[in-house]
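Copied over from TrEMBL, here are the features:
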- 1-22: signal peptide (SIGNAL)
- His411: active site (ACT_SITE)
- Asp463: active site (ACT_SITE)
- Glu472: active site (ACT_SITE)
- 507-530: region 'Disordered' (REGION)
- 533-613: domain 'Carbohydrate binding' (DOMAIN)
Amino acid sequence: MGSCVKMVTCMVVLLFAPVAFAGHDYAKALTKSILFFEAQRSGYLPENQRITWRANSGLQDGKANGIDLVGGYYDAGDNVKFGLPMAFTVTMMAWSIIEYGKQMASSGELGHAMDAVKWGTDYFIKSHPEPYVLYGEVGDGNTDHLCWQRPEDMTTSRQAYRIDTTHPGSELAAETAAAMASASIVFRQSNPSYSNELLEHAKQLFDFADKYRGKYDSSIAVVQKYYMSISGYDDELLWAAAWLYQATNDRYYLNYLANNGDAFGGTSWSVAEFGWDVKYAGAQVLAAKFLLQGNAGEHVAVLEKYQQMAESFMCACIGKSRQSVQRTPGGLLYRQSWNNLQFVTSSSFLLTVYADYLASVGKAAQCDSGPAQPTELFNFAKSQVDYILGDNPRATSYMVGYGNTYPQQVHHRGSSIVSIKVDPSFVSCSGGYSTWFGRNSGDPNLLDGAIVGGPGAYDDFADHRDNYEQTEPTTYNNAPLLGVLARLNAGSSGLSQLLPALVPAPTTPIRKENPAATPKPSSSPVNRAPSLINISQNATTSWNYRGKTYYRYSVIVANNSPKIVKNLHIGISKLYGPLWGLTKYRYGYVFPAWIQSLPGGKSLEFVYIHAASPADIWVSGYKLV
């Protein structure tokens, strides 16, 4: 966070047209964007620390409160650990890995990205010592902003602030639940015990957020000048429920998402903003994903409303809505003067993943001015990333260390003061301001990969350390960009965004998949065990789309007994597309909402679509009455 003292800066509007730019090195940008998180680390730094000008810091955090709170991330250019933006940062890093982990692995960055997530979740585990207790801040922004010190020297308050049953904070608890639930998916394959631990914390935190509702900035009042929750906590509750459904497949969380959609605004709030405060668009995109996967169960109608709101967000971003987002003359999405790029990176991520979701099922977004194809969404997201990397009227990269021209005077205490490893002399609170803050020269330490606040409404930018609105970086500027950069670097081959997320272990080489052979439709029964319930399936039609052959399979479930079948449970594996006619329930499927039983001699039909051979389908349980 920057200083709260306002300043007037003389801006120059650039009137010349953008020049032609060469293609970008997205692999290098991805490497740097992850590297930035190592500069933001608090606590004991590991042996493999790559930002070598940093050293250990915040080693007494939590001690005054009788708890170990060493670790975590500083949010921006200061030395405070703010829980809400930190949790959002981790959620977005985890989502990036869930969607594009294979692409990160192909460029050798998956391990670094997972390390970045774990640095945050290790801290969250410490911060959650009891089911209904969560520490949400270490340090005080008011006193911190009076000083300009390296984190290794800081003498400001390290008071820790928490929420509990008498001082609730639903935004904080729910966002931390989302972070730990999403991270549990990231570590499910490579570290299952850690994944289970994260999931247990996530469940407890969601229960805490929902059962003891209240605004977190009322309980942690010192955060109000820096990260006040304007949107309230309804959006975080929906967002966390969506992540817990994705992580557990437990219908409790899907029901929560659906049953509270209207009351909490998920199905009615069309908000063209997504970030650490406002989570509606993220929850709406996840709900749309469940719908497109065929995992909506009996809540199809509700999730379709979520999808409409998700597409309203997309259309507003690309300029095909009656309420489109403002753009700068150079084409950058623009919402506010202070740290505008946070909204650009988060919007670019949502545009990218939603484009890939739509492409997986051959659909387009429905906008006020007509359909928007997935390529249109993705290309616009790419244009925003390219702008950040230098394709803009100033020909300036807003990622530090990338390109030939990038910010030199970053509003960041650690990078602007000589490294303690170079000069261990103590830098005092006021001494940092007098000696280092006001220096009219570049930073002594390269804050590699940091995305700063960015240009103003007319593509203007003043590279001055005291221009905190434009030159201060934040972790939540970078986090959404990890996935977009991985996607841009790897291209569109091998994408399967509606399949279950399987993040590979970072040390395991990613095998290149062989070209898919043409599936051979089969009409043979696929029962795995003798049963009075018979299942058969046939490919009823097929079509080609973008080089793939898609098949529509009809599945008949027949009750060959004279009795009535109830509580039918069907297991399905190797399903790579949407399914209609059954309801998803935990780890399998049950009767749809309009069928309660299957009489003797009767049958039911369900269908699914995917570009593969028939799925494996079997009866896992039933009751005869």
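Cβ from N, Cα, C; glycine included.
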Residues of the domain 'Carbohydrate binding' (533-613) by DSSP state, where helix covers H, G and I: 0 helix, 51 strand, 30 coil
Other CB atoms, at most 10 A from the CB of Glu472 (active site): 24
Which listed residue (His411, Asp463) has most other Cβ within 10 Å, given these are active-site residues: His411
For the domain 'Carbohydrate binding' (533-613), the mean pLDDT of the predicted model: 85
Pairwise CA distance, His411 (active site) versus Glu472 (active site), rounded so that it is a whole Å: 5
